[in-house]
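The active site, proton acceptor annotation in Swiss-Prot covers His360. Per Swiss-Prot, UDP-N-acetyl-alpha-D-glucosamine binding site is recorded for 8-11, Lys22, Gln73, 78-79, 99-101, Gly136, Glu151, Asn166, Asn224, Arg330, Lys348, Tyr363, Asn374, and the stated evidence type is sequence analysis. The Mg(2+) binding site feature in Swiss-Prot is assigned to Asp101, Asn224. The feature acetyl-CoA binding site is assigned by Swiss-Prot to Ala377, Asn383, Tyr384, Ser402, Ala420, Arg437, with sequence analysis given as support. According to Swiss-Prot, the region 'Pyrophosphorylase' annotation covers 1-226, on the basis of sequence analysis. The feature region 'Linker' is assigned by Swiss-Prot to 227-247. Sequence annotations record features per position, and here Swiss-Prot assigns region 'N-acetyltransferase' to 248-455 based on sequence analysis.
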Amino acid sequence: MSLEIVILAAGQGTRMRSALPKVLHPVAGNSMLGHVIHSARQLDPQRIHVVIGHGADAVRERLDADDLNFVLQDKQLGTGHAVAQAVPFITADTVLILYGDVPLIEVETLQRLLKQVGPEQLGLLTVELDDPTGYGRIVRDADGKVVAIVEQKDADEATRAITEGNTGILAVPGKRLGDWTGRLSNNNAQGEYYLTDVIAMAVSDGLIVATEQPHDAMEVQGANDRKQLAELERHYQLRAGRRLMAQGVTLRDPARFDVRGEVIVGRDVLIDINVILEGRVVIEDDVIIGPNCVIKDSTLRKGAVIKANSHLDGAVMGEGSDAGPFARLRPGTVLEARAHVGNFVELKNAHLGQGAKAGHLTYLGDAVIGARTNIGAGTITCNYDGVNKHKTIMGEDVFIGSNNSLVAPVDISSGATTAAGSTITQDVAPAQLAVGRARQKNIDGWKRPEKIKKD
């Protein structure tokens, strides 16, 4: 059975008080609409139609992709009118309708809903709520069959007492959708074309309305203001934390941990408080991450340790390597097994060989550093001449003295040593000692300057 998906994303979101279209507001580092599209793709539809209106150009620019068909709704005349804009493009047997501001919907929930659809049956996702204020109410007959959905503003007192609410998410036979949207009327309190009226039409046409419910009501929670957006964020993070813990991760405090992307984890991983994982992060077995760390698009091999207040972006830490506290590993950085990066060390596009060490107050950029090499405190690679970047190469078992400036391009061969305080501008051969500093001069009888008296 073929499937197409329609995502409604045309709303203005005035209560957000923002120039940004509502569906582009972020949850866990991705726009709300981005989350919905991600879930939709996992259902393997033949096409995804995104109905856009307010901020249409911004939405299209942010999320444009080959599998998305953006459909413009010039005037926002209701959900039924929005779906009708996509109908001319639909050819599939089944159409699933989703909402661009409902980012937490689970794929498993949608899969259950889709199983309810057939030529003579549609699937409707409903939710039981203690307080259904704002939701359309699911009206059932004496046999428990769904007969209609009544919107809050059109409901009488008895209907408002119903606690089963409409989520708006439904799956319908594709061949019938055009007929139903064509018959919609705006004769209601809002003066809009309600998609919910399709339910009564389906019942009138003799179709069965089968319902499913999410395991968690937050799956179908939308965000109309910043408070609701924050609630979605926190729920997403707690859910992400539970998933990681189920895979063998210890979180010191799941309430102080954020995932903003994709995380692949091994077992016996320990993550302390206030850690943020962004982009695609791979964490192998026995990794330890200290508090207040930000890790983006990085890979941490087995047994790697990141100490407090460190920042990784586009880095790879080898097996048993460690970094921090207060280390910064920028894009292109690779630490081989057992390499050590200490406090206040910054690396960019740098490769540290096995067992290499940079313990303190160091900048290494565009550098290749051999195994077991030791970088003294206060060392920097001078890799930029104002126009081009140049490479510093150090062989194995090199000893770099403290407070060195290594002016690239420069090659320090295996076994070489540089003296403390040196500025190294020339290549150093194997086993050589390089001294690149002024000779010390001691002056006898030196008299310190006296303080000038002010008038």
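Numbers here mean position along the shown chain, with the first residue as 1.
Using the three backbone atoms N, Cα and C, a Cβ is placed for every residue, glycine included.
Feature map: Swiss-Prot annotations on the structure.
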residue : record                                        : Cβ neighbours (10 Å)
Leu8    : UDP-N-acetyl-alpha-D-glucosamine binding site : 28
Gly78   : UDP-N-acetyl-alpha-D-glucosamine binding site : 21
Gly100  : UDP-N-acetyl-alpha-D-glucosamine binding site : 27
Asp101  : Mg(2+) binding site                           : 26
Glu151  : UDP-N-acetyl-alpha-D-glucosamine binding site : 19
Asn224  : Mg(2+) binding site                           : 15
Asn374  : UDP-N-acetyl-alpha-D-glucosamine binding site : 19
Asn383  : acetyl-CoA binding site                       : 23
Ser402  : acetyl-CoA binding site                       : 18
Arg437  : acetyl-CoA binding site                       : 15
For Leu8 (UDP-N-acetyl-alpha-D-glucosamine binding site), the one of His360, Tyr384, Ser402 that lies nearest, given that the recorded positions are compared by Cα: Tyr384
Residue from Gly11, Gly100, Glu151, Asn224, Arg330 whose C-alpha is spatially nearest that of Ala377 (acetyl-CoA binding site), among the binding-site residues: Arg330
Which of Ala377, Ala420, all binding-site residues, has a Cβ with the fewest other Cβ atoms inside 10 Å: Ala420
Listed in sequence order, residues with CB under 8 A of Gly11 (UDP-N-acetyl-alpha-D-glucosamine binding site) and six or more positions away: Lys22, Val23, Gly53, His54, Gln76, Gly100, Asp101
From binding-site residues Glu151, Arg330, Asn374, the one whose Cα lies nearest Tyr384 (acetyl-CoA binding site): Arg330
Binding-site residues: Arg330, Tyr384 - member with fewest neighbouring CB atoms within 10 Å: Tyr384
Among Gly78, Glu151, Asn224, Arg330, which are recorded as binding-site residues, the nearest neighbour of Ser402 (acetyl-CoA binding site) by Cα: Arg330
Neighbour count (Cβ, 10 Å) for the residue listed as 'active site, proton acceptor': 16
Largest CA-to-CA spread of acetyl-CoA binders Ala377, Asn383, Tyr384, Ser402, Ala420, Arg437, angstrom: 22
Rounded Cα-Cα span from Arg437 (acetyl-CoA binding site) to Asn374 (UDP-N-acetyl-alpha-D-glucosamine binding site), Å: 20
